[in-house]
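Colleague: Just lifted these from Swiss-Prot, have a look:
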- Glu81: active site, proton acceptor (ACT_SITE)
- Tyr13, Gly14, Ser15, Leu16, Met17, Ala18: substrate binding site (BINDING)
Amino acid sequence: MSGTVTMHSVFVYGSLMADDVVRLLLNRIPQTASATLPDFHRFSIKGRVYPAIIPAKSDKVSGKVLFGITDDELNVLDEFEDVEYERENVQVLLTDSSDEKLQTKTYVWAKKDDPDLYGTWDFEEWKQLHMEGFLKMTKEFAEELNLPKSEI
């Protein structure tokens, strides 16, 4: 008798928009779709290379949704995001399908009034300046969790 498998969708807006990072963590690239999260802002964080989002009226965050995430994969993402983020249910707009609304999960910065949040984090800048080092850190993280090895 087989149990039901719950599949999740997760809106990502920072380092997890990079397929290479996701592959190291999940050992695969899930199906994705471009999406926008309304009423949030993506901040840079002093001393960090990854971003944080917190609620912000009349703002929006561009990212993508990862589909078909298993419970085990969601647990890996929870570990990766650590205690600085809280997993929350949000509604995003899928930008590839005439702004269809989708309920999904995302990781919101836990400390809403953090003085270390500033400006706007830029994915393209991160890819150029920090992705290589971030991939090394992610690979070490995956090895610590004894995740299956990904061929990058």
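Cβ atoms here come from the backbone N, Cα and C positions, even for glycine.
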Colleague: I'm trying to understand the geometry here, so how far is the Cα atom of Ala18 (substrate binding site) from the Cα atom of Glu81 (active site, proton acceptor), in Å to the nearest whole number?
Modeller: 15
Colleague: Give me the non-local Cβ neighbours of Leu16 (substrate binding site): same chain, 6+ apart in sequence, Cβ-Cβ under 8 Å, ordered along the sequence.
Modeller: Val10, Val22, Leu25, Leu66, Leu77
Colleague: On the three-state reduction of DSSP, what should I expect for Tyr13 (substrate binding site)?
Modeller: coil
Colleague: Tell me which residues of the chain lie with their Cβ under 8 angstroms from that of Met17 (substrate binding site), as long as they are six or more apart in sequence?
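Modeller: Listed in sequence order: Gly63, Lys64, Phe123.
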Colleague: How long is the line from the C-alpha of Glu81 (active site, proton acceptor) to the C-alpha of Ser15 (substrate binding site), rounded to the nearest angstrom?
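Modeller: Glu81 (active site, proton acceptor) and Ser15 (substrate binding site) have their Cα atoms 11 Å apart.
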Colleague: Tally every other Cβ atom lying within 10 Å of the Cβ atom of Tyr13 (substrate binding site).
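Modeller: Summing over all protein chains shown, Tyr13 (substrate binding site) has 24 other Cβ atoms within 10 Å.
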